[in-house]
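S.K.: Can you keep this structure in mind? I'll have questions shortly.
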Amino acid sequence: MTEMLKGIAASDGVAVAKAYLLVQPDLSFETVTVEDTSAEEARLDAALKASQDELSIIREKAVETLGEEAAAVFDAHLMVLADPEMISQIKETIRAKQTNAEAGLKEVTDMFITIFEGMEDNPYMQERAADIRDVAKRVLAHLLGAKLPNPATIDEESIVIAHDLTPSDTAQLNKQFVKAFVTNIGGRTSHSAIMARTLEIAAVLGTNDITSRVKDGDIVAVNGITGEVIINPTDEQVAEFKAAGEAYAKQKAEWALLKDAKTVTADGKHFELAANIGTPKDVEGVNANGAEAVGLYRTEFLYMDSQDFPTEDEQYEAYKAVLEGMNGKPVVVRTMDIGGDKELPYLDLPKEMNPFLGFRALRISISETGNAMFRTQIRALLRASVHGQLRIMFPMVALLKEFRAAKAIFDEEKANLKAEGVAVSDDIQVGIMIEIPAAAMLADQFAKEVDFFSIGTNDLIQYTMAADRMNEQVSYLYQPYNPSILRLINNVIKAAHAEGKWVGMCGEMAGDQKAVPLLVEMGLDEFSMSATSILRTRSLMKKLDTAKMQEYANRALTECSTMEEVLELSKEYVNVD
């Protein structure tokens, strides 16, 4: 019987194929009293080691297929597996209660999950609960000899159907065979949606109950552009979806012709389309998609992929590779954004209730704790500056004195290198990320001292709306089109331009096709996004008449009071599916 469902359009693409149900194994077990608790501890150690090995392999594969940023979620999982406090408590429970490893694991991890989930005002801790749940499931499967579903074994064209896809599930999808996936839960900002867009696999999430409606082998039609899903479609519906898929493929081929074109609107205004990267390996994809710059190089992955602080020479080689790979095009490097969800095993930071609002990013860099590490990074960047057009920006800036402290270190190390006879470029722009509302509101003052702004919308929206975008309970508050967010962005752009400074954006909003027309009219100079979004965005911009968009932007900023009103207004001015 044919059924139609509507979900959240999370990743563009159209596909028709057989359903592949990703079924979770039965992980039930009996609690058993044991005499030899040391044997149970040994079983636990073996399961932990097997899980670590497994996740390390999955992470390596994710780096190759998805890039460092998407793969970073596995670092949190690996940290849970190596958490001495949790492991110690599990073993203590096994000994004290003379129970089997399965029961000890479940009792302790359930306790941690309950504690963290109870912190409703702390999204960071709730994310840690999800990490512990995923890791505990993997360790328990090894203890029971059960096999977790492995999407990497799919060897025919399929559409994956699941309640949810964990990051490790998504990282193992082979795009040669997996043409789309559909889940019961999730949204556009979930890890699986972000990974799907990187892989260029169609995805529809949040259908509520597709797993109860589909059987293995059913034909499923998925439109990741509209959010439509049809189970066992008619021949006519299959033909319609295939035609839509062919039209989308044709559209992508047309976009590819724009690889070497400048990004110019219909009335002749030029904007810079840049790409976000995490490692030098990403530069190949940046050039393949016709980026005019690197708008965000996340340097923290240099630290997260290392067992110790990366040396000045190691960093220099990485920065040099990116600058040379971009052949003179601008490269905006963000200094280390450590802290929050990015911890380093070799950097001892204090435990915090909410690390996202705590000791992180530039706050570490200009402190006594991070000063030497920061100076090493600045020296490496300065040495690499002669190999291309380097721009440096500092993350998580709230106060002018923070920028001044960081800029003073930059100036000191530049003078030191010159005194040592090391060649350094004298044309390095230094700017800041605008991701804290305090900096956005004081943009006119910052603009007098910085060379540029880059708006980090992911965090700016979260901090303005006090809502974690990865927390489904409050994800409705993550509203890029909320008039308060639009006014903040407009304020930043106008303040920068008043001082003759340029403004970029490196959050997901920069590649959002419905946001681009608004941002163009506000005067955003640089749009930095995932490399795979560049050609589509360039195609959209070529059709825009900025004069026509002016009324749209003015009305959105002055007349609208809700996100829904802005989205409804957009239908009058721009046609974006």
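Every residue gets a Cβ built from N, Cα and C, even glycine.
Per Swiss-Prot, the features are:
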ACT_SITE  H191  active site, tele-phosphohistidine intermediate
BINDING   R298, R334, N458, D459, R469  phosphoenolpyruvate binding site
BINDING   E435, D459  Mg(2+) binding site
ACT_SITE  C506  active site, proton donor
S.K.: State the three-class DSSP label for H191 (active site, tele-phosphohistidine intermediate), counting H, G and I as helix, E and B as strand, and everything else as coil.
M.R.: helix
S.K.: What is the number of other Cβ atoms found within 10 Å of the Cβ of E435 (Mg(2+) binding site)?
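M.R.: For E435 (Mg(2+) binding site), the 10 Å Cβ neighbour count is 26.
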S.K.: Measure the Cβ-based neighbour count of N458 (phosphoenolpyruvate binding site), defined as the other Cβ atoms within 10 Å of its Cβ.
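M.R.: I get 17 for this one.
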S.K.: Specify the secondary structure state of D459 (phosphoenolpyruvate binding site) as given by DSSP, simplified to three classes.
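M.R.: Where D459 (phosphoenolpyruvate binding site) sits, the three-state DSSP reduction gives helix.
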S.K.: Please name which of the recorded positions listed here, R298, N458, D459, C506, is nearest in space to H191 (active site, tele-phosphohistidine intermediate), Cα against Cα.
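M.R.: When the Cα distances are compared, N458 comes out closest.
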S.K.: Which has the fewest other CB atoms in a 10 Å radius around its CB: H191, R298, R334, the listed recorded positions?
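M.R.: Among the recorded positions H191, R298, R334, the sparsest Cβ neighbourhood within 10 Å belongs to H191.
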S.K.: Sort out the sequence-distant neighbours of D459 (phosphoenolpyruvate binding site) for me: same chain, 6+ apart, CB within less than 8 Å of its CB, listed by position.
M.R.: M396, E435, I436, G507
S.K.: Please report how many Å separate the Cα atom of R334 (phosphoenolpyruvate binding site) from that of the residue listed as 'active site, proton donor', as a whole number.
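M.R.: With distance taken Cα to Cα, the residue listed as 'active site, proton donor' is 11 Å from R334 (phosphoenolpyruvate binding site).
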S.K.: Rounded to a whole angstrom, what is the C-alpha distance between R298 (phosphoenolpyruvate binding site) and the residue listed as 'active site, proton donor'?
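M.R.: Pair distance, Cα basis, whole Å: 11 Å.
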S.K.: For the C-alpha pair, I'd like the distance in angstrom between the residue listed as 'active site, proton donor' and N458 (phosphoenolpyruvate binding site), rounded off.
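M.R.: Checking the Cα atoms of the residue listed as 'active site, proton donor' and N458 (phosphoenolpyruvate binding site) gives a distance of 9 Å.
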